[in-house]
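Pulled from Swiss-Prot:
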type	residues	note
ACT_SITE	8	active site, proton acceptor
ACT_SITE	129	active site, proton donor
């Protein structure tokens, strides 16, 4: 199982939100490039970058920071937030981003997802962000009339190969991930599942590995020191 540190970008800084609430922000650094360097030096196999301002506005905001991270280290980066058009996805990939993560577009424009998967294959991942079992969009500020499970089924029909699942109520809480809901999305012939939200201990990671996820995105727990990236990586080599 791959352990992936998260860097969430807001106002040019590295932050974490509590349950996706833009009014509950904790700043963990003013230099996201230096933070990226730290995680790569700790052995991170890739980084999960989220342009929070982009997610809320509908178009990428932190392009310069993302470019600097990608070009400074030459290591794999996956990017989400504000990627709601084919052009935005193409520009992100041109920056050197290895994998783009689409959330709102998956709900609102499934035809676009099908086009992108056909064109870019593994470079396209879909974020299924759930609040009370229902898919959330627009930087988690809106809730769609579609369940997370139904959204997964739709993505399967479109050929999506990788899904990042987040239970919003757990995100940024350090409580624990929603193991049951995450495991319900894992199918032998389905897309690879990456878990996110509430992960803060090695036991959480082990339980996620037991249900068959491909990877786990860890944010706040790494910044608070509740979880050591080196220890987590060593446990899942």
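If you go along the chain as it appears here, the first residue is 1 and each next one adds 1.
Keep in mind that glycine also has a Cβ here, set from the backbone N, Cα and C atoms.
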Count of other CB atoms lying within 10 Å of the CB belonging to the residue listed as 'active site, proton donor': 29
Inter-residue Cα distance where the pair is residue 8 (active site, proton acceptor) and the residue listed as 'active site, proton donor', in Å: 15
Number of other Cβ atoms within 10 Å of the Cβ of residue 8 (active site, proton acceptor) across all protein chains: 23
